[in-house]
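Marked as Fe cation 1 binding site by TrEMBL: E68, E98, H101, E186. For E98, E150, E186, H189, the entry in TrEMBL reads Fe cation 2 binding site.
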Amino acid sequence: MQRAVFAHIALHDWTHVFSPLRIRQCCLTHRALPVQLSSRAYSVIPPPRDEAEKALLHSMLRVDHAGEYGANRIYAGQMAVLGRTQTGPLIQEMWDQEKKHLAKFNEILAENRVRPTLLLPLWNVAGFLLGAGTALLGKEGAMACTVAVEESISEHYNSQIRALMEEDPDRYVELLKLIKEFRDDEMEHHDTGLEHDAESLPGYKLLKSAIQLGCTAAIFASQRL
């Protein structure tokens, strides 16, 4: 039986299997495998090359997440006061965009095992109180708060964009794309606030300066804690 099998194998025409064309196709197929295996497996953040890059990226993501979290709490506070007024749908529209931003950063932090800032409980309360407190001043107060906060966040995103462009724009192409998209959304909110009478609030410049001072302190703290 075994002899019959071996004889069959020996007599079989293997030329179609080991033909030059088939060998070439096989080589091309396996040559493509390393390309597939080395293709980018991450969604936004490249794997850190060393501890310095890891620290930089984690700090950047931590503060961005904190900023989007705080913005969500601010809009929640505004909606608690103005949600049933004519301004409610406008605030809700901006809040919905911020929810998408926060959801994306939640996803990125989980994918890259980045610890959120330890100050989230503080930003939870402070953000809501800021949103509700300025909304008690009326639509103009809420819009003034929006202008101040969104301008601070936009400037912060711009500083990150500059830093990543100077570091390695090709390596951080997906992260740059994401930050630019979110930056543009924040600037749109900023412009919406100006279009809806933010500057007509008495003491607008003083309130704006005070809020932005708080934003600067929050950014500094969230990067480090």
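Here the Cβ of each residue, glycine as well, is placed from N, Cα and C on the backbone.
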How many other Cβ atoms are found within 10 Å of the Cβ atom of H101 (Fe cation 1 binding site), counting all protein chains shown?
22
Report, as a single number, how many Cβ atoms besides its own are within 10 Å of the Cβ of E186 (Fe cation 1 binding site).
26
Same chain, not part of E98, E150, E186, H189: whose C-beta falls within 8 angstroms of the C-beta centre of the Fe cation 2 site? Give them in sequence order.
A71, M94, Q97, T146, V149, I153, S154, D185, M187, E188, H190
Take the mean position of the Cβ atoms of E68, E98, H101, E186, the recorded Fe cation 1 site. Which other residues of that chain put their Cβ within 8 Å of it?
G67, A71, N72, Q97, K100, L102, I153, F182, D185
Inside 10 Å of the Cβ of E98 (Fe cation 1 binding site), count up the other Cβ atoms and send me the figure.
25
